[in-house]
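Undergrad: The structure's right below; bear with me while I get my questions together.
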Amino acid sequence: MAEDGEYYGKHGEPRKHDPNFRGPAANRGCTDIICCILFIVAIIAYFAVGILAWSQGDPRKVIYPTDSRGQFCGQAGTPQANKPLLFYFNIMKCASPLVLLELQCPTPQICVQSCPNRFLTLVKAISNQNDFSYYQNFCEDGVTQSMGAAYILSSRLCPATLIPSAALARRCLPSLGQTGGVITVGNSTQFDDGSGNMVDAKNLLAGVSNATVVMEARQVVMKIFEDYTQSWYWILIGLVLAMVLSLLFIVLLRFLAGIMVWVMIALVILVIGYGIFHCYMEYAALKGQAGANVTIQQLGFQTDLTVYLQIQQTWLAFMIILAIVEVIIILLLIFLRKRILIAIALIKEASRAIGYVMCSLFYPLFTFLLLAIVIAYWAVTAVFLSTSNQPIYKVFNDSACMYSRNNCDPANYSSSIMKAHCPDSQCLFAFYGGESVYHKYLIGLQFYNVFLFFWCANFVIALGQMTLAGAFSSYYWAPAKPQDMPAFPIFSSLGRSLRYHTGTLAFGSLIVSIIQIIRVLLEYLDHKLKVAQNKFAKFLLCCLKCCFWCLEKFIKFINRNAYIMVAIYGKNFCTAARDAFFLLMRNVLRVAVLDKVTDFLLFLGKLLIVGLVGVFAFFFFSGKVKAFQNTAPTLNYYWVPILTVVICSYLIAHGFFSVYAMCVDTLFLCFLEDLERNDGTPERPYMMAESLRKILNKKNQSPAAQ
């Protein structure tokens, strides 16, 4: 193999011929045992964290609003079950910056059945039995007319006045409007504050604004959740369509690899071209319309994202991005046109291998199931950890008080020293927190939850890679196919991976997880430093983020090839990673030409499936096509199901195409090993298929005639 000499150098010695080698080693032992033990201990500790979180947490704190006594409004089985709404005694108190710091207005809050629908003051209501009966719905329990208005107001048992309000995110907020440019509440420009003073309705704006800052994001989430409830079955249909297209594409690749690749390339170019055309038509249609020439920067952030589709700059940006992608793809195809033919042959060989290991196409479903379990466990644990704080009560007052904002106990506050020094103060619920040992280390438990999530998710992905590598390597090295292959290649490889190489999988996934958690911390620091003006710190942080992103990609590449070598030879992680890296470095030109071109073609396949499903989802949910207008659900944000379908379609396509990618990578490494081990002589024949030998101009010599 003189022509291969250029690939050999300082990157290790070529592997020697072994006449007894027949694929994945049967006699192997457990590898990276220490890391296996560490992983098992970490998993046990993870379960312990979950049990602790589930015993301490209370998701109701996220679902229900909380009154001044820490009770949940609308919770079934409690005295507040029929009172789902939160009512503020004095909404103007919410204009205080405290609401943004502690997410709680410094005014009494109670749970009510419905919001007030008229103007009414306590002084007026107490003189009329019917009015007072209505007013009692917005007072503390036990309030009677005989107490008198002065006592009720000084004890803060009732609000001084009621204002017409509407429910927003389970909270009663003033029904503000605008008439002739003047702010109104309940169709009035002024209202009685309960002490005989008339207050302009515009004074409510600051309080309502601050109160809604806390709730606005939650309101958007509730609308998104409502959209999911209206469109979930259509989303499932879209995902089933993506799965069918992925399976159909893979089946067709087996028989029509060459034609399918060129058809795929043409369709991707056409789909992106149509996207450019559609963006231009939308851009042209908005030309001359009032407000369409507003820039995104001038518009600012809007919770209703459909607003952005009404300005020209959005469609112009989409058109430019798609045009750049189109040009890049065309240029790559021009420069790599000769190498595409070689990649097609490699895909054909991968198709043949998958034909012998058909159950490999369904292995991604097993990976999806394991990942779903990992994600669900992480999400549930995170919710319970974040809601495991205790209610914290603080002193709220109107006049100066030395104990203002100090912690207090509502049970005995009336007889406390703080109440004696500050007679007009109250002990109200402020937020959820805690000062116990558990609460002090709560942030550490959240960090551990995130880290173990990364570790377990990467372990599941690594298990899939090693399992598929073992199955496809048994195909490559089998002298007679399928006679010399295991009866169930996937199950045999999965059993070997879990029995002997759990530690190796844990080792490789641990390295990736550490890098990922560092990247998360860097993103957290970047978020904290956004307000800083230190340009050097920003530059350094940007460089670190870039370096760790590159490091993660490199480690994943090394791990992927290391798992292939472990699946074949049964060595430990470090040895396998070294052997795989040196093997690739000795054949660096082939790596760049064959392997990466094939990855690019498979990526175009994923892009095609996502594009087809995405275009269909856009026309269906947006109502652009008249045939779908009566069928499509009515949504707050039609981009929610579209984005969900596109992202999930990509994940589905990636899952199925990952089988192909792993098959190509495994066969590629095996074929490089084959070139080093063998030379085509009768004593050392090549194990690769005849089609690959033709591409590389390699031949197996016939035995000499006797």
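Backbone N, Cα and C define each Cβ position, glycine as well.
It should be emphasised that the depicted structure is a prediction, and the values quoted were computed from it without experimental measurement.
Per TrEMBL, region 'Disordered' is recorded for 1-21. Look at TrEMBL and you will find 7-20 tagged as compositional bias 'Basic and acidic residues'. The transmembrane segment feature in TrEMBL is assigned to 33-54, 232-252, 259-277, 315-336, 356-380, 452-477, 498-522, 600-623, 635-657.
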Undergrad: Under 8 Å, at least three CB pairs between the transmembrane segment (600-623) and the transmembrane segment (356-380) (pairs 6 or more apart)?
TA: no
Undergrad: Ranking 315-336, 356-380, 498-522, 635-657 by Cβ pairs under 8 Å to the transmembrane segment (452-477), which is first?
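TA: The stretch with the most close Cβ contacts to the transmembrane segment (452-477) is 356-380.
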Undergrad: Who are the long-range neighbours of the transmembrane segment (33-54) in its own chain, taking Cβ under 8 Å and residues 6 or more past its ends?
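TA: Non-local partners: 377, 380-381, 384-385, 388, 438, 445, 448-449, 452, 455-456, 459, 502-504, 506-507, 510, 573.
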Undergrad: Count the CB pairs under 8 A between the transmembrane segment (635-657) and each of 232-252, 259-277, 315-336, 356-380, then give me the winner.
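TA: Top-ranked stretch among 232-252, 259-277, 315-336, 356-380: 232-252.
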